[in-house]
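J.: According to TrEMBL, the protein has these features:
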DOMAIN    11-218  domain 'Cytochrome b561'
TRANSMEM  7-28  transmembrane segment
TRANSMEM  48-68  transmembrane segment
TRANSMEM  80-103  transmembrane segment
TRANSMEM  123-144  transmembrane segment
TRANSMEM  156-177  transmembrane segment
TRANSMEM  197-218  transmembrane segment
Amino acid sequence: MPSAFIPIVLLAEATGLVVLGLVITWMVKYQDGFALDRTSKEFNLHPVFMILGFLFLNANALMTYRVLGNAFNRTAVKIIHLLFQALAVACASFGLSCVFHFHNAMGYANLYSLHSWLGITTFAFFSLQLILGFVAFVIFGIFAPSSSVTFRKVYLHLHVYGGALIFIMAGVTSMLGTAEFISFKIPTYATLPPQGVLANVLGAFIAIFVALVCYILYNTKYKASAVQSANPYEEQINIEKD
Ligand code: HEM
């Protein structure tokens, strides 16, 4: 493994934690904090849980094969990948329920903005990817390993491409949401108040985080060399997937 790999992964993780720290600070310091009461305090949970689920946990799921591929066998890595994704969708579902509760309690329209259209599409793609991945690599992998090799090989390319696409969509959606939140909540934005600076820095760190994670995913030098499997059919897919 190239020597830059661990520092770059640590930098990506630190950037992800800074993103989380910034969005929590924004909501607590400038936006009344959190409560499950269908007011704007419940809405404030939306950005935090969307970023936690679709950016931070999703990124860790995507990087599992790179980061843990040499330390664990393929089945263990697959389970960890799946657990991160399941946790990500649970957080995102909660984050979405908070904004729908708030909109419905206030009598606001649902799904009218570009942010919400891209956001609901990201959520649909993520859920579909999770279901298809589970069926292809867990159900077929366990119950029909030999007869599903071709299907799994073909689907794997789509799954890998889809995973990165959904992550980038989540980054773009989060930045659109940030811009929309600024327009609703910071009337003095043009004078660059501290809250506006914080929101801008959040957007910049989201972009840096997405760029670092994509760099790790697309740099073939960082591919784990010793991804092993107890299942020979899976090994075959693994070998053929490049
Ligand atoms: C991947 C991350 C995100 C997804 C998938 C997402 C998705 C959504 C969806 C589907 C809605 C519409 C809810 C409704 O119509 O009732 C919404 C609303 C909203 N979101 Fe997000 N969101 C994300 C991140 C963020 C972030 C980070 C912020 C702000 C920092 C944000 C701010 C807003 C705002 C202000 C609304 C209400 C206005 C509107 O409906 O567009 N979102 N979001």
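Using the three backbone atoms N, Cα and C, a Cβ is placed for every residue, glycine included.
Annotations in TrEMBL come from automatic prediction, not curation.
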J.: Are there residues at least 6 beyond the ends of the transmembrane segment (156-177) whose Cβ is under 8 Å from a Cβ of it, and what are they?
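T.: Contacts of the transmembrane segment (156-177) (Cβ under 8 Å, skipping residues fewer than 6 from its ends): 47, 50-51, 54-55, 58-59, 62, 114-115, 118-119, 121-122, 125-126, 129, 132-133, 136-137, 203, 206-207, 209-210, 213-214, 217-218, 237, 241.
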J.: Take every residue in the domain 'Cytochrome b561' (11-218), average their pLDDT values, and give the whole-number result.
T.: 97
